[in-house]
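Going by TrEMBL, these are the annotated features:
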- 26-150: domain 'Cytidyltransferase-like' (DOMAIN)
- 218-298: domain 'Cytidyltransferase-like' (DOMAIN)
Amino acid sequence: MIRNGRRAAGGAEQLAPEGRRAVRVWCDGCYDMVHYGHSNQLRQARAMGDYLIVGVHTDEEIAKHKGPPVFTQEERYKMVQAIKWVDEVVPAAPYVTTLETLDKYNCDFCVHGNDITLTVDGRDTYEEVKQAGRYRECKRTQGVSTTDLVGRMLLVTKAHHSSQEMSSEYREYADSFGKCPGGRNPWTGVSQFLQTSQKIIQFASGKEPQPGETVIYVAGAFDLFHIGHVDFLEKVHRLAERPYIIAGLHFDQEVNHYKGKNYPIMNLHERTLSVLACRYVSEVVIGAPYAVTAELLSHFKEPKRRGIFRQIDSGSDLTTDLIVQRIITNRLEYEARNQKKAAKELAFLEAGRQQAAPPPGERDGGF
């Protein structure tokens, strides 16, 4: 059981001491397939100042520099806003971070992870702010990346995740897909994420329910914490004037029992941090039972009378399965585009070779 912090969505808390100007921090990125690594970056950035502004790139900008995103820009804007350390979201942020952008939003500096982000033409997107001394770095979260999650999802629909024998065709595909120079296939490895008490403390605040607050319990897998989950929790948050939302997360084995294949894609520890980062959640129960029991309700001192259950429609049709389908579609389009590009390059090289070759009869001095 982990108690979490709660901050009103869209609201700004000026935490600077009296008489000191608030330090405003800028972060930007694609924030596609938002996971706890993104949240941890924003947590660290927020700790460097008093007010965090996050710029999110458009679909067009991402497609130009990296390829098509999985989530639409509107979905990505809302996902970032749901992270409790974010004070403000700037839609359609430029892909290259400039001093003009920092000055426009009165930001003292920008923060990014300790990796290099390049434009389509190979430029460091933070070159200008680095040279001006208005750049800070934070540590990347080990054991998770968007690439890793995409790999887990690409394998989730294949035969070897069930009791069927892996086909030779799929075995060849899995062996050749995404291997790094060292020969290790990142798609078939297990998550290297290690949960620690310190990480949980960093994500949670430990606040208990206060008098006058309405305690609301929800439960689920919350796998690949996505916009459907956010929409649902936001509606639950609106059920009371002062809500205290407890989210129960099922064990991996329980999720696998009712979902099958190799679900959940994220393990329990990863899902815990993802939910803890949400501004609408107050507390997390790790390994909550699939069925809500009287003992569970009693533990939270909730009423035991009948009629306390409500079913909430999130209004979103997005599910983990649909995200997997988006990933597969993007992957097939990517492969088709690469094959077409390779064929054009081969044809170009062949045409050049034929033009450079001497006519018949002129080879070997014409003899």
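Yeah, the Cβs are placed from backbone N, Cα and C, and that goes for glycine too.
Remember, it's a predicted structure, so these values are computed and weren't measured experimentally.
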Averaged pLDDT score, the domain 'Cytidyltransferase-like' (218-298): 90
Composition by DSSP (helix, strand, coil) of residues within the domain 'Cytidyltransferase-like' (26-150): 44 helix, 26 strand, 55 coil
Number of helical, extended and coil residues in the domain 'Cytidyltransferase-like' (218-298), per DSSP: 33 helix, 15 strand, 33 coil
